[in-house]
Amino acid sequence: MSLRSPLEHNHLQVKFQRRMPELIKENDLQILEMLGSGSFGHVHKGMWSNREVAVKYVLHAKRSEVECIDRLIALKHPHLVTIFGLCENAPPYNGIPKNIGKDCFCIVMEYCGQKTLRNIINGEEAIRKDLFLMWTNQITSAMIYLYEQNLLHRDLKPENILLPADNSLKLCDFGTVREWKGATTSMTYCGTVRYMAPEVLQGKAYSHKADVWSFGVILWEMLVQQPPYEGQESPAIIFKIGKGELVLPELNIPENINSLSLLLKKCLDRNHHQRLSYNEIASSLERVKEELSSISENEWFEVKSNWRAKYAKNYECSVFLSEVSIQKYTQDDSGYSYRHQVSSDNSEQSQSYEENEFSIIRFDEFHDCSWDKPNLIAFVK
């Protein structure tokens, strides 16, 4: 008989419930202020059925890109934002043209406030032990659930983790979610560069283990409470992580909480086959909980303070890229060939790479980047 961690027992009680998408009438929605923007659309606060809701406006032209909308509406888990239904004709509001309904539809979701894990990480107060354990367990439970539905999140980051008033977090922004159809799946490049796994940046097929890498970066960030790869531009991160020349600094974790160090290493293993599964992460978190119980809250805060100071002082990377020049120089029946010139921001030297070191995709597929030249980027193989 196999033994399951308490987290797995709790998770198994969350049954998958398929719900038919509710069609919400335009006149039943009251649109209030804009909250922000996520993948594929702007999000607004609204009222529906006497409750506060979040309403995402999505262009009808983008509908095919939200491939799993029916699957997402069917999901029910305490740590995933609930999607109530769709409004086929988006209602207008102040500042939005009245004919918006012709161009957009709306996804009506649970409103959880605007506080995210990013706000906590960037805050002055250190994250307490109990909150660290609770939040990592809750993220893990939600990701196990998505994995059981053969879904990949693909944009797991602190900004997409909401913290309602009760501090019980919820994952949101499912515009990048895709169905996983095999051991590895070749899909479009999407997500946020700082949280992307090496195999994604290399243009290779990837699986749910890419989400595990993202979780590992979040885990590191919750411990240090500093953004990963601070001060580095997205092109630099892409090239350096892709070639294995950029890693998060190892933390000097005390031996009596060594399981935390092992968990980090196993989540951030460049070989995706060696990364933990989310069920294995759940078991590891039980060991982390046991070990953390052996240290006081003051000791925990001291250790976290040391990590933060060390990161700020010692985090250095070698050569970072400030410009990538990609010039088309031939075209034949087999496609395009490219010359790649890479220049450094801290050296007068530049380096040329051979064509076979790269795969080429459109850079504008990364919705978190504002770097607009060139419109093509080479991904290091």
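Keep in mind that glycine also has a Cβ here, set from the backbone N, Cα and C atoms.
Predicted automatically and left uncurated, TrEMBL annotations should be read as such.
Database features (TrEMBL):
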type     : residues       : note
DOMAIN   : 29-301         : domain 'Protein kinase'
BINDING  : LYS56          : ATP binding site
ACT_SITE : ASP155         : active site, proton acceptor
BINDING  : ASN160, ASP173 : Mg(2+) binding site
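DSSP assigns LYS56 (ATP binding site) to a strand segment in the three-state reduction.
The DSSP secondary structure for ASN160 (Mg(2+) binding site) is helix. Taken as a whole, the domain 'Protein kinase' (29-301) shows an average pLDDT of 84 in this prediction. Under the three-state DSSP scheme, ASP155 (active site, proton acceptor) falls in the coil class.
In this structure, the CA atom of the residue listed as 'ATP binding site' is 14 Å away from the CA atom of ASN160 (Mg(2+) binding site). Neighbour count (other Cβ atoms within 10 Å of the Cβ, all protein chains): 25 for ASN160 (Mg(2+) binding site). Across the structure, the residue listed as 'active site, proton acceptor' and ASP173 (Mg(2+) binding site) are spaced 8 Å apart at their Cα atoms.
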